[in-house]
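If you look up TrEMBL, you'll see C:12-75 marked as domain 'MrpA C-terminal/MbhD'. Look at TrEMBL and you will find C:54-74, C:86-105, C:140-159, C:171-195, C:201-220, C:232-256, C:268-294 tagged as transmembrane segment. For C:179-289, the entry in TrEMBL reads domain 'Na+/H+ antiporter MnhB subunit-related protein'.
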Amino acid sequence: MTIMLMISWLLLALGLMFFLAGSIGLLRFPDSFSRLHAVTKADTLGLGLLVLGLSLQSSWREGLLMALIWLIVMASGAVSCQLLARFSDEQPSESATQQED
Amino acid sequence: MLSFYLYLGTAVLLVGIGGLGLWRGPELLRRILALNVIGAGIFMLMVTLAYRPVMQGEPADSVLHALVLTGLVVAVSATAFALALLGRLLTRAD
Amino acid sequence: MALLLFDLVLCALLLLLAGAAMLSRSLTQAVTLFIAFGVMMALAWARLKAPDLALAEAAIGAGLTGALCFTALVRYAKQPAYPQPALWRPLTFIGLVTALLLASLSQIPLQPSSAIPALVQQHLPQSGVSHPVTAVLLNFRAWDTLLELLVLLLALLGARQAPGDLPRYRGWSLSISWSRLLSPLLLLVSGYLLWRGAAAPGGAFQAGALLASGLVILRLNQQLSWLSWRHFWVRMLVLGGLLAFVLAGAVSLLLQDLGAVWLSWPQSIAGAVILIVESFATLAIAVTLTLLVVGEPKPEVADA
Amino acid sequence: MFPALLLVTLPLSAALLMLLWPRFARSLHVTVALLSVPLAGYFLQQILLHGEQQWLLGGWSPLLAIRWQADSLSALLLLLSALLHLLVSGYALAVQARDRLPAAFWPLSSLLLASLQALWLARDLFNWYVCLELLGMVAVALVTLSGDKALKPALNYLLFSLFASLCYLLGVALLYAGYGALDLPLLAGQLEANRLNAMALLLITLGLMLKAACWPLHIWLPAAHAAAPAAVSALLSALVVKGPLFILYLVWTELAPQAFWLPASYLFALAALGALLFGGIAALRTPYGKSLVAYSTVAQLGYATLALAFVLRFNLPEFVAALWLFVLAHALAKAASFLAMGELQQTLGSKQVSALKGASQTMPLAMFAFAVAGGSLIGLPPSGGFLAKWALLLGLWQSQQYFWLLVLAVATLLAAAYVFRVVVLAFDRAEPTAPDFAPQRLPQYLALLPALAVWAMALFSMPLLTLLKQEL
């Protein structure tokens with residue numbers, strides 16, 4: 001039991017670390033592509049680790065629900081990331097003007 | 001109880017921040033956003049007020065919740081109308 | 001203690017996001033920050049035991065308002081940059097007013113003297129539904145809700161007076177297949193929210209807003225033909241909520257004695273009346289919000 | 001219940017049907033406008049016979065339900081709204097083809113009537129918020145009927161109106177925090193004079209004064225009212241700004257603790273002073289005809305604010321009578337002057353005041369209507385405006401406020417100056433501005449109608465006064 005709990009906390013900490021790294025990347029990276037890259041890492045891996053860690057501490061029903069949420073977030077993240085990348089690809093001047101001010 | 005005052009204070013500060021944005025602008029879109037921030041602050045105040053019975057172990061005040069729900073819909077309607085007018089104003093200026 | 005820490009972080013985040021949205025230089029940033037603010041707000045309301053509102057705020061406040069703001073943002077692209085005005089004068093004045101407000105807050109009684117929550121609980125069995133918020137919205141204070149639907153309708157009527165044309169987004173294979181996947185899900189969830197509203201958090205507004213977001217996604221990906229006010233069925237859908245409300249009021253007046261008052265549902269059929277009114281209201285809200293977000297085609301586009 | 005309910009739901013459901021079947025919009029609109037007047041008259045008679053009536057919507061207990069209540073004042077305002085709505089409908093019918101009035105006018109103006117009637121009947125703080133929001137949005141939508149040139153004033157109007165309703169809502173939330181009720185009669189007399197209530201009342205007052213365009217919060221009004229089509233400006237100036245004024249009156253006389261009355265009266269008196277002087281001066285200086293009439297609204301609202309200030313300070317029946325007589329007289333006179341001015345501008349083809357040169361020759365009827373309405377705005381005896389001013393003077397004399405007598409004299413002179421500015425120009429027959437097309441007679445007669453009605457008010461002064469003093 002305690003081993004399960006320890007693994008769970010480890011996974012949670014790891015997940016949080018991904019989120020932290022993603023947030024720092026979002027703030028520090030120079031252009032939108034690398035920012036997107038940083039954020040999507042946090043979304044998929046970080047959230048996945050959190051869900052895994054939390055489901056070790058909860059019933060199978062809650063675990064299933066969380067897994068569903070993870071899947072939906074991942075799918076929407078993939079689509080919205082592609083859309084954003086496409087948008088910034090189409091309008092390079094937009095991101096350039098934003099960096100100036 | 002500390003949380004109650006924390007949320008109450010945050011709500012009022014949000015109203016203040018919104019008021020600041022409304023005054024300063026300078027774009028009309030930001031003024032519309034500012035009105036929404038003020039609205040959010042007021043609704044947060046109401047939700048926090050509705051939370052008071054919870055601290056005594058009773059259910060939250062559902063009348064206030066209903067009022068906020070009404071207010072939310074009214075706010076989004078007004079925002080949509082204002083943005084439509086703004087959009088027309090901007091496209092016409094070209 | 002942990003909860004207080006959570007509250008502190010959440011409140012600080014809310015203030016930070018709102019302040020940054022108001023002061024940021026670029027409007028795009030301001031709108032993005034405002035959407036993030038909306039999501040955090042939904043979290044705060046869930047924390048404050050208001051799940052109905054958290055649902056509504058997530059769908060309406062963050063989602064649809066954000067979509068509307070982005071629509072306006074596209075039109076700002078060609079505008080010249082505005083000079084940033086000075087800050088100190090508004091800051092001192094607003095700071096003073098906020099301080100006064102904060103000072104007056106200390107007199108809010110911690111134990112509310114209101115008898116309303118008890119009264120709601122007492123009359124809940126007669127209202128036809130078991131969820132108090134739904135009971136207040138569609139029975140105790142139904143007149144407010146009717147007028148609120150009217151406000152929503154007016155937003156649409158007003159927006160139709162000022163049609164602006166947008167650059168058309170033509171859809172893209174990935175987002176199209178995603179919209180095909182997502183919208184049945186949204187439809188399902190909004191139906192569930194509507195049905196559940198009688199007994200648990202949820203109801204017409206949340207369901208309507210969710211349905212609207214599904215319709216908007218479909219419309220933007222060209223999966224749905226234009227909704228145009230010129231079609232009778234669209235007008236019928238938009239007005240359906242109000243018509244059902246008024247008709248239900250009229251019928252219930254006729255069903256009861258002549259001494260009856262407006263919008264009082266007979267207890268035996270109250271649940272059914274509320275469900276019917278809510279269903280029509282959901283459709284009306286969904287179509288109205290969709291029309292507000294995606295706009296209407298110019299006549300020649302609609303004919304093509 | 002029935003007459004009151006029909007007064008609200010008839011225009012409401014008619015508007016819905018108009019939107020559903022636009023083909024029948026006009027006929028439906030006219031039918032409802034025609035039906036509303038006798039209904040409102042019947043309702044007023046019922047109230048006079050049986051006294052005040054009230055209903056708890058949904059039949060729940062007072063704390064839970066929304067209360068509707070109708071006393072003789074509400075009934076009078078219901079009748080006034082129905083009457084002016086009918087008049088403006090007639091005018092709109094007469095000019096719709098010439099002015100290219102959009103088809104959206106018909107459902108929108110029906111919704112305006114419905115929301116006004118709902119406001120006069122409600123006695124619930126939150127329901128008033130929804131009513132105010134509704135009224136503001138209908139008003140803005142009506143202003144946008146003028147097309148692109150009205151966009152900026154309309155958007156400004158909308159933003160001010162939204163800010164005002166938010167202020168009002170915050171005030172209501174603070175009151176609910178202390179007392180946990182929204183029903184006006186239940187809250188009446190309950191409020192203590194503490195900081196929280198002071199803040200709440202201040203916010204409510206600020207919001208309502210913004211919506212009622214009390215000086216110095218009037219800045220949105222002239223542009224918005226001037227930009228709207230004439231029929232709409234008449235409705236806005238005559239009725240819409242009176243809604244928040246009505247709430248303000250009820251909130252202060254019934255809700256506010258007596259300890260706040262004196263400081264509030266100073267606040268209102270100051271606003272009134274500014275409105276009377278600066279509104280008048282602005283009306284005197286503006287180069288545009290409809291702006292002149294709109295600024296005159298700002299100035300005339302000053303009288304109502306002044307009466308409210310003295311109601312709070314001295315609590316004399318004269319002031320209450322003066323307040324509502326001003327509202328009635330101004331509604332009629334302003335409807336007449338906006339319709340007349342709209343007619344003049346439309347026919348002479350210019351917005352400028354200077355274009356009215358020789359209008360007494362080219363369009364004598366419209367000019368006559370404007371002059372007659374102007375007489376009431378100045379307060380010439382025996383018009384409705386005079387009646388109101390007389391009540392105010394009487395009260396001021398009794399309470400020995402001689403400074404304010406002087407202010408009233410100056411304000412009257414200013415009103416006379418801006419009315420005669422137009423009239424004198426119109427009688428300058430040397431080189432009259434030629435009309436673009438033959439003037440239509442019917443709309444001019446319709447503009448004359450309320451102007452004559454406001455002079456007829458003097459004939460009915462006794463019943464009106466007894467009706468209003470019942471309020472005390």
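Using the three backbone atoms N, Cα and C, a Cβ is placed for every residue, glycine included.
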Query = Mind checking how the domain 'Na+/H+ antiporter MnhB subunit-related protein' (C:179-289) divides into helix, strand and coil residues in DSSP?
reply = 82 helix, 0 strand, 29 coil
Ask   = Taking 3+ C-beta pairs under 8 angstroms (sequence gap of 6 or more) as contact, is the transmembrane segment (C:232-256) in contact with the transmembrane segment (C:140-159)?
value = yes
Ask   = Of the residues in the domain 'MrpA C-terminal/MbhD' (C:12-75), how many are helix, strand and coil by DSSP?
value = 58 helix, 0 strand, 6 coil
Query = Can you name the far-off residues of the same chain, 6+ from the ends of the transmembrane segment (C:268-294), with a Cβ under 8 Å from a Cβ of it?
reply = 64, 67-68, 71, 126-129, 134, 138-139, 145, 149, 152-153, 155-156, 159, 190, 194, 197-198, 203-205, 207-209, 211-212, 215-216, 219-220, 227, 229, 234, 237-245, 248, 252
